[in-house]
Amino acid sequence: MSDTSAPQKYRRILLKVSGEVLMGDTPYGIDTNTVQSVAEDVAEIVKSGVELCLVIGGGNIFRGMAGAAKGMERSSADYMGMLATVMNALAMQDALERIGVETRVQSAIPMATVCEPYIRRRAQRHLEKGRVVIFAAGTGNPFFTTDTAAALRAAEMQCDALFKGTSVDGVYTADPKKDPTAQRYDRLSYMDVLAKDLRVMDASAVALMRDSNIPIVVFSIKGRGNLLTVLRGEGTHTVVAEDRAA
């Protein structure tokens, strides 16, 4: 059992998880064991007293840009991708509530019989009451990624940081899965990321985080307990902030 009593650097964070992470070792869809592992990590954070909201991608089910590349009309493909994020959000809500974490899903596309609509002040009240809020359906608009949605919600919720949980333990000079000589950055500025096109998040998301002065912390969510470790400023990760000394 992880020690959740250590002091935390942040009061409120947004956790962005790619849909691909939820596949686990399966080629498609939702791996329930992986969802449960992420839910247990989130539960540890909530137990430590940090307020947490969550954005999950939909790439494990459908990716709008991939559909558009195969000839689909981009808006239709993006809406399908947004609906995929709702499926992932409901799976995560179920996993969290089964271990006793109060959770609300808010969708940018209204679907009243399934979840709450996105209402900023209501979401803030949920967080203040110790509930996890999962933001689904991206921004509700095509042509915007879930990275941009995560950045937008982090700014609206006045989060202290955006944690991006991926399958890689930080930001590298090249794809470490393809280039064994790739080196990991400990810290980067927002301008470094944009100028070097490092693909931490899409450019609009990075620019919004820069304008809101919200650090981006990139880490691997695949290791159990990594989220709490990185939250304490420990473990392997990359911080993107106003300057390298931030």
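Cβ atoms are placed via backbone N, Cα and C, with glycine included.
Per Swiss-Prot, the ATP site holds LYS16, VAL17, SER18, GLY19, GLY59, ARG63, TYR172, ASP175; the candidate it also names there, chosen from THR26, THR166, is THR166.
Swiss-Prot lists GLY58, THR139, GLY140, ASN141, PRO142, PHE143, PHE144, THR145, THR146 as binding UMP, and of ASP41, ASP78, ASP169 the one it places in that same site is ASP78. Each of the binding-site residues SER18, ASN141 was assessed for Cβ neighbours inside 10 Å, and the highest tally belongs to SER18. Only GLY58, from the binding-site residues GLY58, THR139, ASN141, THR145, place their Cα within 10 Å of the Cα belonging to SER18 (ATP binding site). With respect to THR166 (ATP binding site), the closest of these binding-site residues in Cα terms is GLY58, chosen from GLY58, THR139, ASN141, PHE143, THR145. Around GLY59 (ATP binding site), the same-chain residues at least 6 positions away in sequence with a Cβ under 8 Å from its Cβ are SER18, GLY19, GLU20, GLY81, ALA84.
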